[in-house]
């Protein structure tokens with residue numbers, strides 16, 4: 001087989017066409033902006049189609065093209081499914097001016113009128129149960145395809161689910177996605193067991209599963225299924241169901257809703273790194289059935305399966321699609337039968353927020369994020385790229401981390417149970433519009449060393465014990481990067497796990513968080529593998 005055969009696809013068309021010029025698009029308006037890039041609505045001149053152009057910002061040009069963008073581009077070009085966002089092409093803008101030496105890059109997506117988060121913020125939008133079932137089936141079909149091809153999304157949330165006025169839902173934002181090494185999930189067997197360590201610097205806090213909060217490194221596709229459960233409940237309530245303002249508060253809300261961990265409902269929880277020094281979280285059964293009592297027993301049953309504390313027994317996408325919830329009246333609506341709504345992107349949502357009733361205060365906490373002028377807006381002073389790559393942290397930061405560890409072990413049980421339950425005991429309780437106005441809670445910031453239980457850097461005795469308990473080699477942590485050629489060693493580093501929280505399909509916003517909530521992982525040199533991507537869609541659950 002000659003090289004020439006790679007230049008044409010199976011239909012004889014050109015396989016690699018390079019980047020389109022930005023002059024091929026007519027800009028129609030701005031949809032949103034954030035730390036990852038700016039997003040514009042545009043019209044393709046060659047065929048008149050409406051597209052979204054996501055401009056990739058180069059905050060540190062000397063570091064080269066952002067690794068998160070490289071990951072997203074590679075995976076999206078390999079994936080092909082009705083419920084997965086399609087990357088049509090890349091566009092380049094070359095400036096003739098002397099002040100701009102490097103071109104600007106744009107990712108070109110089909111235009112989608114909404115993201116799920118925006119629809120839920122629109123006070124004029126109310127989902128019927130048939131509509132919720134339709135969206136859930138499409139979400140589960142997309143995840144079934146992803147997990148069946150050994151891909152973890154790792155940022156499942158309402159803002160990353162795009163919806164068109166034709167009723168089609170698509171999973172977007174693959175900046176944190178990566179292949180996993182284990183076998184794909186099998187019917188009736190959950191997500192299986194992970195055989196290696198992955199970074200815990202993933203998933204937006206409000207949708208983060210308990211095993212990640214407790215620093216489990218050997219996680220599986222079950223982390224995405226927890227996010228599906230959070231989205232499912234959010235569609236019923238019209239607001240995030242677990243909106244914690246810190247990792248500690250997030251765990252409190254989870255345990256108030258689904259019960260505190262025990263060796264029966266979450267075996268091995270006390271051995272996880274995040275539980276060092278914690279003997280118990282009290283003994284509460286949870287009140288999920290009470291919070292969602294208006295949704296009926298079948299919806300509660302599916303929610304219970306999706307929000308299981310034990311990640312080994314959490315339902316996978318294959319089995320979730322077979323749940324009786326989807327075959328009981330009202331049956332799922334067809335996508336084409338769903339109503340259409342006015343556009344709901346970032347700039348549109350600002351108007352919706354002004355229409356919402358007064359709500360409780362926004363979550364508190366430190367602030368880490370990019371300000372409008374590109375600088376770090378943080379309570380702890382400036383933050384540079386060099387700092388994010390430094391494997392050491394200051395003694396002051398370690399001291400604060402130890403205080404956070406003490407909060408887990410020393411805070412009176414009654415106090416956190418009472419505070420966590422206040423948000424959940426009232427089904428009609430409203431969340432502050434500023435929860436969204438200030439952006440969703442962030443993806444984890446650039447890695448720093450985790451210091452809850454130790455002031456030592458890199459591998460401690462605790463880390464070695466953890467690796468031995470779970471049977472894995474030390475330092476075998478997630479550092480997936482796209483398999484591009486070249487000898488640039490910087491491309492072998494996992495630098496892009498969480499520098500920003502994307503606020504939707506095409507864009508993201510600055511966020512507020514404490515950089516002590518997260519741990520430092522040790523990068524390795526693992527290369528990617530391209531799975532066999534084939535679309536397999538079962539439309540059986542839809543109403544005929």
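Cβ coordinates are placed from backbone N, Cα and C, and glycine is handled just like the others.
Feature annotations, courtesy of Swiss-Prot:
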- 155: active site, proton acceptor (ACT_SITE)
- 31, 32, 33, 34, 35, 36, 37, 38, 39, 54: ATP binding site (BINDING)
- 374-403: compositional bias 'Polar residues' (COMPBIAS)
- 419-438: compositional bias 'Basic and acidic residues' (COMPBIAS)
- 456-466: compositional bias 'Basic and acidic residues' (COMPBIAS)
- 488-511: compositional bias 'Basic and acidic residues' (COMPBIAS)
- 532-544: compositional bias 'Basic and acidic residues' (COMPBIAS)
- 25-326: domain 'Protein kinase' (DOMAIN)
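Cβ neighbour count for the residue listed as 'active site, proton acceptor' (all protein chains, 10 Å cutoff from its Cβ): 26. Here the Cα atom of residue 31 (ATP binding site) is found 21 Å from that of residue 155 (active site, proton acceptor).
With the fewest other C-beta atoms within 10 Å around its C-beta, 31 stands out among the binding-site residues 31, 39. DSSP assigns residue 31 (ATP binding site) to a strand in the three-state reduction. Separation of the C-alpha atoms of residue 33 (ATP binding site) and the residue listed as 'active site, proton acceptor': 19 Å, rounded to the nearest whole number. Its own atom aside, the Cβ of residue 33 (ATP binding site) has 20 Cβ atoms within 10 angstroms in the protein chains shown. Between the C-alpha atoms of residue 39 (ATP binding site) and residue 155 (active site, proton acceptor), the distance comes to 19 Å. In the three-state DSSP classification, residue 39 (ATP binding site) falls within a strand.
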